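Asks: Handing you a structure now.
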Amino acid sequence: MSLETLDSGQEHIASAISDEVVIELSKVNKWYGEFHVLKDIDLTVYKGERIVICGPSGSGKSTLIRCINRLEEHQQGDILVNGVTMDTNLKNIDAIRRDVGMVFQSFNLFPHLTVLENCTLAPIWVRNTPKAEADRLAMQLLERVKIPEQAAKYPGQLSGGQQQRVAIARSLAMNPNIMLFDEPTSALDPEMISEVLDVMVGLAESGMTMLVVTHEMGFAKRVADRVIFMDQGEIVEQNTPGEFFNNPKSDRTKLFLSQILAH
Amino acid sequence: MAVLEKGSPRRQSRSIIEWLNDERVRSVLYQAIVAIAVIAVARYLFVNTSENLQARGMSSGFDFLSGTAGFSIAWTVLPYEAGDSYFRVYLVGIVNTLIVSLVAIVFATLLGFIMGIMRLSKNWLISKIAAWYVEILRNTPLLLQILFWFLAVFSLLPPPRGSFGLLDMFFLNNRGFYMPAPVPGAGFDYTMIAILLAIAATYAVAVWAKKRQMATGQQFHTFWVGLGILFGLPILVFLATGSPLSFDFAALKGFNFQGGVSVPPAFCALLLALMIYHSAFMAEAVRAGILSVSHGQTEAAYSLGLRPGMTLRLVIIPQAMRAVVPPMISNWMNVVKNSSLAIAIGYPDLVAVYMQTSLNQSGHAIEIVAMVMLFYMSVSLTISMALNYYNKLVQLKER
Ligand SMILES: Nc1ncnc2c1ncn2[C@@H]1O[C@H](COP(=O)(O)OP(=O)(O)OP(=O)(O)O)[C@@H](O)[C@H]1O
Ligand SMILES: [Mg+2]
């Protein structure tokens, strides 16, 4: 919740946006029973774009990104991911999930498998990758998230920051072209937040399309091409980080920013 | 240490206290005290009892085991006649106990899985039915359930002439339950060999499929192919050798059924009661085990592109089993122990045949009780050793 977690003096990393659309939401609505959780959401995400989503608790941020890989089902409107329509067709859902990675607040590593096995499970069983190749790829990714020496351990033996980095490596092992992050650092002790954010910055630099729900405003300033503010199931405002932080348009955004930066 | 070795008296007494305060010394000391106490009590009981026995002129020792028991047993799996020895009675009792327990364990486990999964169903009616099943059955005493099945169900069945029949093969009446007995003919050995071969072949295919997947990534339908081999091969061999198996059917002759295999009403009542009562506990173990795996695991697997079936097989079940297996196995032990309630309805289990009639006739109370305890303890210890081994195998590594 601070600007200091990542040195705010650092420059915004070069953006890699192309004009190819990878995610398109139009007029998406969702209800939990009577409760209208997503209201007429329109969102277009371009390849290589890095989007940070923020907003008060309960505003529907998690629900929004979870609709993109069908962990939640929307009831109205259209969702198009990598050109595939999200509908009840299981083939479409499989295709979308294969190419969209997700990192959760609570890590959700598989506790009965080693770190390496966590990273090779999906490649072996979903992509039919031979084990030796899956192992090699997983080791490369573990090096990328800077914990190759933990490969043979079990998730329960790692610190929170290490677990979250394994979770990122596990998602990357499926070679996704879009990564979703749902408050990836919220469950971490302060000293572990930066090690996870560093990995995410590295991912951004490699040109990955990223949707990140986070309150790490330092990360938003440094990495985001666009910051989206949600409140009560609506996208209230979206802008470049510079404009968003220095020149918020709506009162709700101003209120939210004043609260979050007061910490 | 160097200072202490110089050893003034004061220093030495302090070092004894320090020694007593050592964690390791303490733990050895406590264990020694407990061991001495246990031995003393055991010795007292032993001396006391043997004096009592001598005073009453009762002999001790295991010589009586070869003596003739001289009474008959209503129903046995092992062949038994009234002229057989007490040791034979012991074995007959053990087998009678084991047979009812094993059959009850198999069916209770199946039923437990079905009920536990039903209770988690999203369908309101199904989950409520399972919930009532579990709550009613585990909250009434087992003895009551045994008596219910015996007195209110199996004893009230019609006599043999009015039997309930199924396909003219199975019959149920107040004398018991009758089934056809398989009679293997010449050449049936080949089918038995084929069954063994099929098991080995299925295993080999599974190993090969795993190896190939790890090497090339290609998956193989091990389950269906295995199923095919397991059933196909023995059936082919069976047919090729001229179907060498016939059945001896039970049939009404006069006032009773003859032929086939039969079990008495007490067996049926005990089996049903044990099976149903324990299935309720097992259902709870299954439900708790599945619930112990958080929904986040499913979501993580889905987000990686795993299909629901694979998620269940690779992520949920391996974790749920860790929570299900230990209570499941302790329930199995309880089935064996609770089968001794058979005595209430006259099913000749180990306790009934060996601790009642044999004990009264021979007077060897200590030996007989010890032998019966030995049996139950060996069963329990064997099962818990297997359980410990399993737990060690699957234990989650934590910091
Ligand atoms: N399964 C569900 N059933 C009913 N209501 C739900 C469910 N999941 C979420 N909600 C409600 O929907 C609203 C939006 O939830 P969501 O998790 O998307 O919010 P969020 O913006 O991610 O909040 P937070 O910052 O606390 O994570 C909340 O009011 C929540 O109570
Ligand atoms: Mg959320």
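Using the three backbone atoms N, Cα and C, a Cβ is placed for every residue, glycine included.
Predicted automatically and left uncurated, TrEMBL annotations should be read as such.
According to TrEMBL:
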- B:94-387: domain 'ABC transmembrane type-1' (DOMAIN)
- B:28-46: transmembrane segment (TRANSMEM)
- B:58-78: transmembrane segment (TRANSMEM)
- B:90-115: transmembrane segment (TRANSMEM)
- B:136-157: transmembrane segment (TRANSMEM)
- B:190-209: transmembrane segment (TRANSMEM)
- B:221-243: transmembrane segment (TRANSMEM)
- B:255-277: transmembrane segment (TRANSMEM)
- B:338-356: transmembrane segment (TRANSMEM)
- B:368-390: transmembrane segment (TRANSMEM)
Asks: What stretch, picked from B:28-46, B:136-157, B:190-209, B:338-356, has the most CB pairs under 8 A with the transmembrane segment (B:368-390)?
Replies: B:338-356
Asks: At a C-beta cut-off of under 8 Å, are there same-chain residues at least 6 beyond the transmembrane segment (B:28-46) that contact it? List them, or none.
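Replies: Contacts of the transmembrane segment (B:28-46) (Cβ under 8 Å, skipping residues fewer than 6 from its ends): 20.
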Asks: I need to check the long-range neighbours of the transmembrane segment (B:90-115): which residues 6 or more away from its ends have a CB within less than 8 Å of a CB in the stretch?
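Replies: Apart from its flanks, the transmembrane segment (B:90-115) reaches 65, 73, 75-78, 80, 84, 130, 133-134, 267, 270-271, 274-276, 278-283, 285-286, 328, 331-332, 335-336, 339-340, 342, 347-354, 358, 371, 375.
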Asks: Please report, as numbers and ranges, the same-chain residues at least 6 past the borders of the transmembrane segment (B:255-277) whose CB is under 8 Å from any CB of it.
Replies: 74-75, 100-101, 103-104, 107-108, 111, 137-138, 142, 145-146, 148-150, 153-155, 157, 159-161, 163, 171, 173-181, 248-249, 335, 338-339, 341-342, 345-347, 349
